[in-house]
Every structure is written in structure tokens, then in C-alpha cells.
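**Q** Please read through the structure below; I'll follow up with questions.
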């Protein structure tokens, strides 16, 4: 296997870069940076870490992905898809475990790119992708219920599992905070309705600016202090932390390896999906392997500064394209904007209501749910529906790692069964079958198969999934012949199990 030719799009783009392109990239980068701010904060908090860590991820990972990536317009950073798995890692292993798992995932992504396995990621069955994406959406929605309704749990800790969360919510639903609920509902309404009036400005930004201003006035002049804000729960830091490598031991690596694989697969799927969608919008073609290497480097470096897993963000990439961004320079500008906000304006984030951020994430979960696609897939063959529902159920009830692993295994087994069903074993007789397209002479004397000779033809792949099919076929013969001729001109490939099976047949 040849080593990849690593060619970041930035370097090739700069060869023909113009002043007009720079102006368009600056405008797009500024807008995307402003759009990314509330999402980065929301994803950071929902993942179980502090809000500035979401922004740090958007800055560092976003810069690396734009600088080294294989797509001209990809915008990298934290995404909603990682919320569930990151929250679970923080709960079980702490932030140190999250750092180690993210670095491991980064190494896996780099290896996938170097080995030119970017195309393999695209082979993951669509029902698996829709199943775990919809499951993540339901889980994100579930995690926001407490902030949407302002529920108070006292000394009780919120469970990590789906069922445990809902049982806790029902036990404490009498503690609902009316003001928080109003803030969340107003935020959701603004985000949902604003595109009808202001298409250029994202609804999440409008909601956060308006609702934060109103809540500030209510708290300051009306004495309503029951509306929780970011400042009530977190201490905001306006600086980039120093790089720090946690201590690692082999036992920790073994425990986190399955989680790291999940992070890597999820990041690869989302980034390549985003890059593919953007290709269709700008008429370009991304380099999957270069993109995977960039994603890997970003996930190796970002956690050293306290960041969380990052990947290509479809919504922010679309915002970049729609506002005129056409080169990686726009992505770099967006990280500079976020850096300036972190250094000079981050203290203002303490006034953002938690219920408003919850409203933002409710909309994010709705957009992720793909409920129309989910509904359409239910009309597909039963095997696809089985994979879809199983992956969805496991994601919601258990966790994403188990869901992806079992979903892929079931999908592979069902695929092998389909391939096995396409492989046919037939007996060639003295009679001419015009539809068989047999490649022997049409002269009758050449069509006579001598007594005691059996001629078989295998059509289709002959691998471990169908190797025993021939055994079963032969076993049903009452008087097996001394001579067997096996025609394999319609066998596209054969594996070691198939060869072993044929060898045993010859020895009988």
C-alpha cells in the first residue's frame, strides 16, 4: 500500500489567491466565528466541561483543520454528535480520561489517513449512521430537560443513563421553574421562526443576544434572580491554557481504547460527510485521506490545551459557504474571531441563561434527529430496519460505543447473508441450456459427460460465508461420482476458507 500524498487544500489554494477571495473569506470567517460562539459554549457545557473549553476546541481544532485539511471550506470544532460520548467519558474517567481518549482517537484518525482508508469510512451502512445519529439526538434532548424546566435535584446526582435521567426528572418535576421554562420556550421559538425574517443571521445567535439582554434586565431591575445563568455555575476564564500532557498507563489505554475507536469513527464519518456535502455546493472535490490526517492532528493537539473531541461541523460549514467562504482562509479567520472573543469578551458569557443554551441544544437535537429519513427507512427491507432500530435503541438506552460496534457487526452479518444468497451452485448436464452461456463447443459429441463424472458450476463469491454450501449440496447426493469437475469462471473472488473447503472435497 502506497503512503499517502499529504496535500492540504490551503497550500494549493494560495497559489492562485486573490484580493477578492480574501475579502469574501474575511466576511464569511467573521460571520462563522460569531455563529460558532454560542454553539461552542453550549456543546462544552452539555459535554460536562466548562464553557471556555468548547471555545478553545473551536479555536485550536478549527485552525488545524482549516490549515491542514483536505477540504477548502470545512469548518472544524466541537459538534453535537460528541456530546453523549464525551459526557459519558467525563462521568466515568474524568477530564484526564477524556484527554487521553481524544489523543488516542487522533492517532487512529492519522493512521486511517496515512493508510488511505478514507474511502472505507464511506462503506458504513446508512441505517447505522441514521440510527446512531437519531439516537444521539434523543439523548441530547434528554440531557437538556433539567435546564429547560429549571428542575432542582438537591444532593442527587444526575445519572448518566437514559432511563435513570427520566426517572429522576419525574421524581423532581414538582420543582419546575416557570421563568426558566419561559426563557427556554422563547429561545426555541426565536430560533425556529427567525429564518423567515432574517436569513443571514442564525437564529441561535439572535436568541442568545435577545434573551440574554432581557434576562439581564429582569435580574437587575425586576429582582428576578431565579433564572440560572452560566455565571451561576461556572467561573469564566479569558485565556488560553498552557499545554499539559496527562500521565498515562497501559491499563488506562486498554480501558479507553473502545471509546477512542468510537470517537475516531464518529469524527471521520461526520467530517467526511460534511466535506462531501460541501463539495456539491462549491463544485470541488475534497481529499478524504488528507482530511482524516488533519482531523487526527487536531484531536491530538487540542486536548493538550483542555479541549474536547472535534470534527467537521456541517452547519457551520454550510454557513461558511452561504456567506461567500471559498478557501481555508475563511476557516482560519473564524478561529481568530473566536480567539479575540475569548480574550476580550468572554466575561460577558456569564450572563447567558442556561435555559437559553438548552433551547439552542433542543433545536440542535431536532435537526440531528433526521426523523423524516428515519421514517422513510422504516419502509426499507427488514434487514435494514433491524439495523436501524437496533442501533437507535442501543444508542439511547446504553451508549454510542456499544451501538456502533453491534450495529456494524449486525450490518456485516446481514450483508454476508445477502452475498451468500447470491452464490449459486448448479449441476451441468448433457442438455444444452441456451441461457447458461457455457463456454464449450456446441457440437453434440463434445457435450457428452461420461458416466461417473459430475460437473458443477459455482456462480458468485466463494468465501467463508458460503464455503459449506457446497458440502451441503454434495451431502444430499445418493451416489457420489469418482470424478468431480468444478467450474469457477463466474467466481469473482475466493478466500482461504473457500480454498480449504475445495481442498477437502478433492481429498474425499
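Backbone N, Cα and C atoms are what each Cβ position is placed from, and that goes for glycine too.
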**Q** Taking 225-242, 351-368, 369-386 as the choices, which stretch does TrEMBL tie to transmembrane segment?
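**A** Of the candidate stretches, TrEMBL labels 351-368 as transmembrane segment.
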**Q** Ranking 26-46, 58-90, 127-146, 388-416 by the number of C-beta pairs under 8 Å to the transmembrane segment (96-115), which range is first?
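**A** The listed stretch sharing the most Cβ pairs with the transmembrane segment (96-115) is 58-90.
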**Q** Give residue numbers and ranges for long-range contacts of the transmembrane segment (351-368): same chain, 6 or more residues beyond its ends, CB-CB under 8 A.
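**A** Here the qualifying positions are 38-39, 41-42, 45-46, 80-81, 83, 133-134, 136-138, 140-141, 143-144, 147-148, 150, 180-181, 183-188, 191-192, 203-204, 207-208, 211-212, 215-216, 227-233, 315.
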**Q** When you look at the transmembrane segment (26-46) alongside the transmembrane segment (296-315), do they share 3+ Cβ pairs under 8 Å, ignoring any pair fewer than 6 residues apart in sequence?
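**A** Checked: the transmembrane segment (296-315) vs the transmembrane segment (26-46), in contact.
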**Q** For the domain 'STAS' (443-508), jot down how many residues DSSP puts in helix, in strand and in coil.
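**A** Output for the domain 'STAS' (443-508) reads 25 helix, 17 strand, 24 coil.
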**Q** At least three Cβ pairs under 8 Å linking the transmembrane segment (26-46) and the transmembrane segment (327-346), pairs spaced 6 or more in sequence?
**A** yes
